[in-house]
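Undergrad: Taken from TrEMBL, the feature active site, glycyl thioester intermediate covers A:Cys89. Annotation source TrEMBL lists domain 'UBC core' at A:5-151.
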Amino acid sequence: MANSNLPRRIIKETQRLLSEPAPGISASPSEDNMRYFNVMILGPTQSPYEGGVFKLELFLPEEYPMAAPKVRFLTKIYHPNIDKLGRICLDILKDKWSPALQIRTVLLSIQALLSAPNPDDPLSDNIAKHWKTNEAEAVETAKEWTRLYASGA
Amino acid sequence: MGNAGSSHAHRRRHAPHGGHPPPPVPHPPQPEMTGNRYVFAAATPYPPPYPNPNPPQYYPYSAYYPAPPVPLPAPFDHHHRGAAVPHMDPSLPHPNWGGPRYPCGPVPPPQTAFVEHQKAVTIRNDVNLKKETLRVEPDEDNPGYYLVAFTFDATVAGCITVIFFAKEGADCNLTSTKEDLGTVTVSFEKGLGQKFRQPAGTGINFSMFEESELLKMGDVGEVYPLAVKAEASSIGDNGSGSEKATQGAGINSQITQAIFEKKDEGEYHVRVVKQILWVNNMRYELQEIYGIGNSVDSDFDGNDPGKECVICLSEPRDTTVLPCRHMCMCSGCAKVLRFQTNRCPICRQPVERLLEIKVNNTGDENGNGNGSSVENES
């Protein structure tokens, strides 16, 4: 299917992701669709997500790299910029995409987003509100969700 | 001596041809491309006046072309680079790579303006002052005086002139605006990596001048506290294009203009502001191209992230985006890109022109290898 005529760029990116993975990040292509990646991101230390293992899916559309990859959290996560469907509010996945970015840089950006939630630009209004009114409590909830849903089991 | 072009031109690129236009990529710079900075003396010949239908509003246009034979007070200076972020959006980028967010709203339609795609013409520079080596050293014989010193490469013999408070006149002639300060001219033989230091007693005593004069950037008046002119006495043994250059003004030269900077210890240091080439009666401004240092090394193996096109990750980079001067793409991907977006992949500034530069690595052993070929303009 989509594997025929896979652009060399995607092949190279895949090889490099497998041979030199970024710390705390793994991404491997699906066997039946080389444009679909199973991703795991470890919760960054000193964040409410520390200790969690977060699964994501990443898909490279036909236009890639002229268009951004599509990325979504599969693991439930309590984060003001991630909604309950796992969609991520991150500029480089939308209007700030550049073809110089890669799968690796996208995943590093998502990892950084976990370290720096931005409730001023929310995707989940409720969570953002929680974050802004009582950050300590919101962080506790995020930790709790990490234990409940992202414990790596 | 057209050399490089043909083999690349026919390769098939793998960049996808998307049926759907992607969202435009707005501006904020990314922390990318920290590779070597490399001064490349290639430039296009002065084009017919203003071929670009959309001259930039935030940059004087002449900066990207060699100025015409009549010297202009070239208004571009490197330090405005960061300020050249497009005018439409004053909200500036987060410096934080992972941090920036977008307001989750509709994405504006893409705009793909006409972008000119040119090939570089390589011009030859017989004498090159290595600008990072330019400095002042105390004159042991004359306490309080400082001497200008630097390292340079010369493929022909010639002479070097040091001028303080130099004003640039017609045909790149430099004159000192201080009558009591003589200019110093020293001749040299050809050779690479030569060390220059002006003769003792001809230096500058900083205490004799107002600090503001020493620190001042050459403005429209174009007086620089320090200028060094390196002239080639002849056009070189192989004499390409020398017939036209019989007049005095035809002597090829390189001018380095600098200001002094006062460091914390109170000592003055030299900072190069601009380098100008005067070749065959044309004035060119030298500008750095970001990323070229990675692409001119030979033995491109197609698998080094520092040398490859950022889009296909396969071909060597040979195309520079103007005006931002990011050399980041192969010509094939550049051609695809310009139908998709008008933003530089590296910094997201609008693309006005694409300049294809083939570096000739097969030059002779005398240090002339940095290109003597001329590509035809497309």
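The backbone N, Cα and C atoms fix where each Cβ goes, and this holds for glycine too.
Caution: TrEMBL annotation is automatic and unverified by curators.
Owing to the predicted nature of the structure, the values given are computational and were not obtained by experimental measurement.
For each feature listed, report its degree of burial, its nearest neighbours and the pertinent distances within the displayed model.
TA: Classification of A:Cys89 (active site, glycyl thioester intermediate) by DSSP places it in coil, neither helical nor stranded.
Confidence over the domain 'UBC core' (A:5-151), given as mean pLDDT on the 0 to 100 scale, stands at 94.
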Undergrad: In the domain 'UBC core' (A:5-151), how many residues does DSSP put in helix, strand and coil?
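TA: Going through the domain 'UBC core' (A:5-151) residue by residue, I get 52 helix, 27 strand, 68 coil.
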Undergrad: Can you tell me how many other Cβ atoms are located within 10 Å of the Cβ belonging to A:Cys89 (active site, glycyl thioester intermediate)?
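TA: Total other Cβ atoms inside 10 Å, all chains included: 22.
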